[in-house]
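K.L.:
From TrEMBL, here are the annotated features:
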TRANSMEM  12-30  transmembrane segment
TRANSMEM  37-55  transmembrane segment
TRANSMEM  61-84  transmembrane segment
TRANSMEM  96-118  transmembrane segment
TRANSMEM  191-211  transmembrane segment
TRANSMEM  218-241  transmembrane segment
TRANSMEM  253-272  transmembrane segment
TRANSMEM  284-303  transmembrane segment
C-alpha cells in the first residue's frame, strides 16, 4: 500500500517532535516560560545562524541573487498582508499573521525535506532560500511585529538595533571581501548556531504547554494556511513555469527546492515572537504544530504531482 506521506521525511522530523515534547514537559511541569528562551533565540542564537550562513555561503551567480529575490518576495507578501490582517484582528494577531505570511519553516523543516526528496544536490539552493527568508525575519519581519508598539521611526530604530540585521550584512561583507573570521570567533558562532534548532523547537513546545484546552483558532489558522499552503505554492509554480519557458535561470534541482520550500509549514519563530510579546502564544503554537502535521502530507502530495 502506498502511504500518502513520505516516510523518510517523517523519520527525519522525529527529533524535532521530540524537542517539541521536551519543551512541552518543561512548560507544563517545570513552569519554564517561553519569553526568556524567546529572547535568547531571537537576539543571540538566530543572529549567529544568520552570520554563519552568510559568511560561509558560496555567493556567486544565480545563487547570489536567490536570497535577495526570496527576501524581496517575503517582504512584499508580508507588507501586503499586514493591512488585510489588520482588518480582521486588533489584538496583536494581525502582526503575527503578517509576519508569518512572509516566511516558513525553511530551515528546521525545509532542509531535511529537500535532502529526503531531492538529495544532497539540493543543499546549496535550500541554504540560500533559507538565508533570504531569515534575512526577512530579521529585518522587515521584525518591523511588522514591532510596528504597533512604536511609531514608524521607533519601529525602524528597533530594527536597526536588532543584532540579526547586522549579522546579515556583516556576514555577507566578510564573505564577499574574502576576510577570514578568527578561528575562536567562528567556533563561538558554531556553538551558538548549534543551539538554535533545539531551542526554537522547544519554544514551540512551551507554547503548546500553555494550552489548557485544544481549541484551534479557526480564523487565524485558516488565514495563515491559505497564505502558506496556497499562495506560496502558486507563486513558486508560477516562477517554475516562467523559468522553464523563458528565463532558464535554474535547472530541475533548483525548481524542486523552490517548490518544496513553498510547501513548508509555518515558521517556528512565529511562536518566538508570540511568546516574546505575549500575543496568544498558545494559538500560535497550535497553528505551527498543526501546519507541521499538515505539511507532512501536503508537501509530498503536491511535489509528486509536479516532479
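Note that Cβ sites are derived from N, Cα and C of the backbone, with glycine treated the same way.
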K.L.:
Between 12-30, 37-55, 218-241, 253-272, 284-303, who has the most Cβ pairs under 8 Å to the transmembrane segment (191-211)?
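P.N.:
The stretch with the most close Cβ contacts to the transmembrane segment (191-211) is 12-30.
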K.L.:
Looking at the stretches 37-55, 96-118, 218-241, which one shares the most CB pairs under 8 Å with the transmembrane segment (253-272)?
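P.N.:
Answer, by Cβ pair count: 96-118.
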K.L.:
Between the transmembrane segment (12-30) and the transmembrane segment (61-84), are there three or more CB pairs that fall under 8 A, provided the residues in each pair are separated by 6 or more in sequence?
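P.N.:
In this chain the transmembrane segment (61-84) does not contact the transmembrane segment (12-30) - fewer than 3 Cβ pairs sit under 8 Å.
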K.L.:
Any residues 6+ beyond the ends of the transmembrane segment (96-118) with a Cβ under 8 Å from its own?
P.N.:
6, 8-9, 12-13, 16, 49, 74-75, 77-79, 81-82, 85-86, 88-89, 125-127, 129-130, 133-134, 136-137, 140-141, 144-145, 197, 200-201, 220, 223-224, 227-228, 232, 253, 256-257, 260-262, 264-270, 273-274, 279-280, 284, 292, 295, 299-300, 303
K.L.:
Name the range, of those listed as 37-55, 218-241, 284-303, that has the largest tally of Cβ pairs under 8 Å with the transmembrane segment (12-30).
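P.N.:
Out of the listed stretches, 284-303 contacts the transmembrane segment (12-30) most.
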